[in-house]
Each structure stands twice: as structure tokens, then as C-alpha cells.
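Residues annotated as Fe cation binding site in Swiss-Prot, with similarity to another entry given as evidence: Asp295, Asp336, Tyr339, His502. What Swiss-Prot records for Asp336, Asn369, His458, His500 is Zn(2+) binding site, and it gives similarity to another entry as the kind of evidence. Taken from Swiss-Prot, the feature substrate binding site covers Asn369, His500, Ala501, His502, and the record attributes it to similarity to another entry. Residues or ranges marked as N-linked glycosylation site by Swiss-Prot: Asn89, Asn116, Asn316, Asn528, Asn551. Annotation source Swiss-Prot lists signal peptide at 1-24.
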Amino acid sequence: MRESLVAILVTVISVLGAIHQVKSHEDQPLSGIAVHKITFGLNEKAYVKASPTVLGSNGQHSELVLVQYSSPKPSDDDWIGVFSPADFNASTCPGDNKMVQPPRLCSAPVKFQYANFSNPRYTNTGTGSLKLQLINQRSDFSFALFSGGLLNPKLVAISNKVAFENPNAPVYPRLALGKEWDEMTVTWTSGYGLNLAEPVVEWGVKGGERKLSPAGTLTFARNSMCGAPARTVGWRDPGYIHTAFLKELWPNSKYTYRVGHRLSNGALIWSKEYQFKSSPFPGQNSVQQVVIFGDMGKAEVDGSSEYNDFQRASLNTTKQLIKDLKKTDAVFHIGDICYANGYLSQWDQFIAQIEPIASTVPYMIASGNHERVWPNSGSFYEGLDSGGECGVPAETMFYVPAQNRAKVWYSSDYGMFRFCVADTEHDWREGTEQYNFIEHCLASVDRQKQPWLIFLAHRVLGYSSTYFYAEEGSFAEPMGRESLQKLWQKYKVDIAIYGHAHNYERTCPVYQSVCTSHEKSNYKAPLNGTIHIVAGGGGAGLAEFSDLQPNWSLFRDYDYGFLKLTAIDHSNLLFEYKKSSDGRVHDSFTISKDYRDILACAVDSCPATTLAS
């Protein structure tokens, strides 16, 4: 037994010892563990014990584990690392993880916490305990005690194994709008490959007959990643991602569903039951409420993984969205989704965090730099922001109604809204495939039925006075407005919303950097320009504004928050900015217009005419 434990410990050291050789983006807490100075310090008087050993006995997919530990030489910088899979065997490491010299790497810790977190007297007593939340991630777990802090860790002891009763169970369903207005998609994750079970959804109108619909299955392998850490230290098997298409839905109706798998012996494994409300018919005159934000990320409710506080506010945003869920019809998370940055275990933790939201209302995404950017991968920008993911996890974990899911631009109709979602990680300039899509999306909407035309993108293509855009001198992505403002103006886009800059900012209705209205809160059409919003305060660390506040910048807030658009009817729209800390409205405006206002000419918004015409 002891020889086996020592072998595991030695291999854990190998795992950690290689992490320093691959640098991830500084935003990822796990990348802060500088373990290149690690030493082996197994101590017979030290121990780590975890209980219960079997989780999810009542069907739950997250559970608190009590971790008790003791060290004969305690220190304030001792910490507990959580590992999954629990065993670390160097013989299982893939070939492309060979290091110049031993040790070799298998996988990174899932999360960590300091040993004195719940016991300030840890250095006196040498004992402590933590309650750590684990989620079902398709494998078992173990817990390791380290001394020496994050910068000079010494492995002291490792625990028994802990596992969920059914690690393959279907978990974390997430809804998305389909390509047709009467279609809803449901995506979930499991450990069941097609060789083990067939994925199915049981669904129907609430209180009515239910039917079974099949689901497609996707996954991806390590060699689908573009670089480290996603391809090396951060790699973790994503399991299987299943998507079913629920079609011919009645408008504005409540449906119930559950996801599951039919095993080879005919037995069915089911999730718990969920419900959603289907979309209204395009143009249907009913109150419709949509939430929009970017750059949220994830955080641990047990306080772990806190090398920094970069995304702690994401829990506040999530909490407020859940609190207001009954008054929300759809959510758009416009890029920088979970900041996994190549540590793939974080994707499971993110979809678990948003499950109460995404299982109830459509959770639509846009592509951000932290999902897509990687050198020589076809992204519009160069950089290491995705940690080697190059878009693959995001494009697989979440369904979007795009023609090509590797090019995350698409249109979505919800009642009186038309959303045109751009992909700023691919070229959007005039003459490109995406530019043609954007124009088609804006031009093809019937504004008599869907008067509210909203443009969404991750990077700021319009206006922002965030310091890094001010330093560019463009107050936006270079080439952003240059290519697109004539489309916004021509097709009378009401509001354009972006993330990327981690703050909140609202402009006046603006065209070519000039305000086209001096009103600030109650707009009456025609606006003769587009209102631009930065909503990048979903939860990731905030970004400062420049000292200069341009004339077009009406409202700036250095805080976390999200937007809510309410289409009251075809003539009235309410815009609200709510803070994540309290859920209260801190900025708002209304737009009132009639169909004739959309038809009327404004500067550069009508076809050219001649004397002959």
C-alpha cells in the first residue's frame, strides 16, 4: 500500500514539476502555481483524509467533501491541491508531453485552497479541515497537502480517493435558440460514448404528452488543441457533448424536459426534470426580456482556486441572474466565457455554475479572445489568450445557430428582437465573409414585425473610452468603426453592445463620433445614430477608463454588472444596466418609435437618388 502511495506521490510531483514550463494567461489562477522548485517531502506523521468517499448517492452532481489534514511542521503557506483523475501514472502521459528531462506531465490540479483557510490557528495546531465542493467531472478525485506555498511547494501527503456514484451521468444541460424561431436546442455533457449508450431527450408541453428525441454526440481530443497548456498541462478529457433539436414548438409555451441515455441493456439513465418557455412568434406583441453581458468567468463557491480575485464577481452576476430568472427570456454572454485559458477542467466548473440559468432559458454565446486567439490558428489577432484552446472547447460545449460553428457569427430572432452576433476573432472588414453576413443579417429583418435591431460582438467595434482603447487613439478596435459604422447607420441599428473592456459605458446616439441627439434618457425616434454600450463587467477584473471622457460618452461605471433589454411592444424599448452587487438599476433609458421612423431617411441611411428618380 505504502509503495503504491509513494508511486502516486512521485508522479504527482512529476505532474506539478512540469507546469512551470508552460505559461498560461495570468488570468487563470492555476497558472500561478510555480512548481519548478518542488521537492518531495512525504512525512509519515502527516495525513489527508477525505469523506464521504462516494458522492451523488441521491442523484446530485455537486457535493461538499470534508478534507481533514495534519502536518507536523505547519506553515501559513501550506495548501491543499485537488486532483482529478486521482491517480497520476507517468506511463499514461501522451507522447507529445515529453520534457527535455524528467519529470513528465499528465495533468494540472483542478483547484486548490490554503490549509489555514478555515483554521487561523493552523500553524499552532498543525491540523485543519476544508469543505470543498466537487462537481461530477467523469472521474475520481484525490487531495494533496503541500508546504512551501505556491512558489516553493513540497508534497507532504495525499488522501484516499473520492468519486461520484455514477461519474458518467448526464449533467449540466444548456439551452440555445435554434436556426428557426420554433426550435430549441438542448446540450449536455456525460461520460457515455456512443459505444456505451444512446443520448436522448424526453420532452413535451408541460402537462401534456411527452416524446423522445435523439441527440448528436461530439467530443474532441488533445490533438485538437493548438498549444500549451491546453495540449499539455491543462488537458482534461472533456467527456461527450450531446445536442438535441426540439422542433415545431408552440409559441410562448412552457415545456418540460429531461436528458438521458439508453444503455445497451435497454435501461434508461435520466437527469432531473427541467423546464423552459419557447420563443414567441417573430413579431409577436408580448413583453420580451433579454439579458446581455460579457467577460464573466467563473469562481468557486467554496473560495478555492483563489491565487487572485480575478473572477470572484462572477458569482454575484450568476446569483443576480438566477434571482431574476422568472423575468428573463434569454441570455447573451458575448465572449470571454469562463477564462479556462487552456485548463479544460474549468469548462465543467463553468457550465455547472450557470446550470440554473442555462437549463431554463437559452444561453447564447459569442466568441472572445480568451476562447479563440492563438498564433497561426486562423484567428484575426495574434496572442496566447486562449491558452491553446483556439476555440474548440467553446464551439463544442455550446451550440450556436451558425452555418459553421468554427465561425461564431449568427442571427437570432426572439419575438420583436433581431440579434446580429458578430465574431471579432475573425476578420469583419468589408469584402470578407463575415462582413457580408453582417450586412445580410441587418438587411433581411422585417422591421415592421421586429423593430428592435441589436448588434452584438465581443471586442468593442464601436466606442469605448477604456484606457487601452484611448491609448490606441481609436477609442475602439482599430478598423472597427471604419468598416461597420456605415452598416449600422444604413440599417438603423438601435443598439450595439460589446464586452472585452471590463466596465460599463453608454454613448449618446452617435455617428462618425458625433452625437446625433442631446437627449440622455428618453429617446424618441429617429435617433439618426446608434447607441453603443460596453457591458464587459460580467465578473472578470475591472478595466480603468481613460482620464479623457469624450463628448459621446454619457455614462461610465467602473463596476460589475449586466444589461437587460425589455421590448414592451413594437414602439417602446426599456434599457437597464444593473449592478451585480445588488441587482439594482444604475442606468437606464427608453426608446420610443413608430414604423414610419424606421422608414424615414437619415444621414447615410437611405438609398442614393438622382434627379431622374
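Even glycines carry a Cβ here, placed using N, Cα and C.
Feature map: Swiss-Prot annotations on the structure.
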residue: Asn116; record: N-linked glycosylation site; DSSP class: coil
residue: Asp295; record: Fe cation binding site; DSSP class: coil
residue: Asn316; record: N-linked glycosylation site; DSSP class: helix
residue: Asp336; record: Fe cation binding site; DSSP class: coil
residue: Asn369; record: Zn(2+) binding site; DSSP class: helix
residue: His458; record: Zn(2+) binding site; DSSP class: coil
residue: His500; record: Zn(2+) binding site; DSSP class: coil
residue: Asn551; record: N-linked glycosylation site; DSSP class: coil
I need the most crowded of these binding-site residues: His458, His500, His502. Count other C-beta atoms within 10 angstroms of each C-beta and give me the top one. His458
What residue among the binding-site residues Asp295, Asp336 has the most other CB atoms lying within 10 A of its CB? Asp295
Minimum Cα separation from Asn116 (N-linked glycosylation site), reported as the residue among binding-site residues Tyr339, Asn369, His500, Ala501, His502 that achieves it: Tyr339
Report the residues of the chain - excluding Asp336, Asn369, His458, His500 - with C-beta within 8 Å of the mean position of the site's C-beta atoms, for the recorded Zn(2+) site, in sequence order. Gly294, Asp295, Ile334, Gly335, Gly368, His370, Glu371, Thr424, Arg459, Gly499, Gly536
Closest of Tyr339, Ala501, His502, Asn528 to Asn369 (Zn(2+) binding site), Cα positions, recorded positions only: Tyr339
Helix, strand or coil at Asn528 (N-linked glycosylation site), per DSSP? coil
Not counting Asn369, His500, Ala501, His502, residues with a CB within 8 A of the CB centroid of the substrate site are Gly294, Asp295, Gly335, Asp336, Gly368, His458, Arg459, Val460, Thr466, Tyr498, Gly499, Gly536, Ala543
Got a sec? Which of these recorded positions, Asn116, Asn369, Asn528, Asn551, has the most Cβ atoms within 10 Å? Asn369
Near His458 (Zn(2+) binding site), meaning Cα within 10 Å, which of Ala501, His502, Asn528, Asn551 (recorded positions)? Ala501
Of Asn316, His500, Asn528, Asn551, which recorded positions come within 10 Å of Asp336 (Fe cation binding site), going by C-alpha to C-alpha distance? His500
Measuring Cα to Cα, how far is His500 (Zn(2+) binding site) from Asp295 (Fe cation binding site) in Å? 6
